[in-house]
Amino acid sequence: MVKVAILGASGGVGQPLSLLLKLSPYVSELALYDIRAAEGIGKDLSHINTNSSCVGYDKDSIENTLSNAQVVLIPAGVPRKPGLTRDDLFKMNAGIVKSLVTAVGKFAPNARILVISNPVNSLVPIAVETLKKMGKFKPGNVMGVTNLDLVRAETFLVDYLMLKNPKIGQEQDKTTMHRKVTVIGGHSGETIIPIITDKSLVFQLDKQYEHFIHRVQFGGDEIVKAKQGAGSATLSMAFAGAKFAEEVLRSFHNEKPETESLSAFVYLPGLKNGKKAQQLVGDNSIEYFSLPIVLRNGSVVSIDTSVLEKLSPREEQLVNTAVKELRKNIEKGKSFILDSSKL
């Protein structure tokens with residue numbers, strides 16, 4: 001069985017994520033960490049009658065949290081709020097993630113690190129560069145969790161099909177739409193690229209197709225607006241993060257993944273088919289991209305590039321737009337580590 005640590009367990013994503021992973025049959029020990037309230041949350045969850053143990057640790061006990069952890073999820077950070085610029089958000093969360101990943105490199109160097117904190121496009125490069133400097137980086141062990149984009153794509157695709165053609169819409173099952181749609185690229189705005197793999201559904205959507213793309217890309221804004229500035233996606237993010245973590249955990253047992261085309265934002269140069277992926281997106285120097293992954297024993301062993309080999313002209317446009325924006329996001333993360341090392 002597997003010890004899982006959640007860093008940032010008291011937050012809006014961290015609490016429901018902790019609950020969902022306490023329910024997982026693949027977890028034997030759940031360790032919760034935050035700067036406040038994690039001990040109480042751990043005690044609360046420990047009363048649930050599943051077979052995993054659960055302990056919450058205070059801000060001075062990160063070594064105990066991480067000791068022997070095989071999977072570490074990082075939802076820690078400041079959420080999107082009105083009046084907070086993206087740059088403000090980045091600076092705060094960049095420092096938090098750098099500090100936590102440094103601790104993982106020190107106390108759990110072989111752990112698989114799942115980055116949930118935003119902005120994923122910049123924070124995953126920070127995690128990678130931090131581990132590189134420590135001499136602890138393993139390319140298959142760092143994954144940016146972009147699964148919420150797929151969860152939204154599955155939901156919204158059925159919603160739009162119901163609007164356009166109720167008969168076809170009623171035939172669909174939102175829980176298995178990952179067989180007909182995947183999402184690649186990055187994890188913000190126009191870097192998010194929904195790919196409908198069942199092209200007959202593109203035809204069915206007709207003019208709703210562009211609305212579908214936009215809604216998947218900017219679905220998070222709906223939640224910020226609906227919560228009237230009091231928060232962003234937390235429950236749906238926790239669900240998507242738990243689903244992704246469960247696939248990583250299943251791979252420790254050599255079980256077949258439940259989600260077809262499960263994507264993650266990964267470091268391409270260190271992975272099998274990474275170079276091929278760079279060529280197919282038209283940029284041999286792009287270091288990170290979210291693509292379907294192949295997991296073994298909790299780590300990414302290769303990338304599935306097949307989705308890139310049969311793109312429509314419109315999808316190629318989406319990839320080109322995403323790559324331009326991703327380059328800036330990635331550079332921002334790398335520069336943060338470079339600049340902080342000069343201080």
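Placement of Cβ uses the backbone N, Cα and C atoms for every residue, glycine included.
Swiss-Prot names GLY8, ALA9, SER10, GLY11, GLY12, VAL13, GLY14, ASN93, ILE116, SER117, ASN118, MET237 for binding NAD(+). Of ASP34, ASP44, ASP206, the residue it gives for the same site is ASP34.
Swiss-Prot names ARG80, ASN118, ARG152 for binding substrate. Of ARG86, ARG179, the residue it gives for the same site is ARG86. Of the recorded residues, ASN118 (substrate binding site) and GLY12 (NAD(+) binding site) place their C-alpha atoms 13 Å from one another. Site extent for NAD(+): among the recorded binding residues GLY8, ALA9, SER10, GLY11, GLY12, VAL13, GLY14, ASP34, ASN93, ILE116, SER117, ASN118, MET237, the largest C-alpha separation is 18 Å. Among the recorded positions listed (ARG80, ARG86, ARG152, HIS187), ARG80 has its Cα nearest to the Cα of GLY12 (NAD(+) binding site). Each residue contributes its Cα atom, and for ARG152 (substrate binding site) and MET237 (NAD(+) binding site) these two points are 10 Å apart. SER10 (NAD(+) binding site) falls outside any helix or strand according to DSSP and counts as coil. Cα of GLY14 (NAD(+) binding site) to Cα of ARG80 (substrate binding site): a span of 15 Å.
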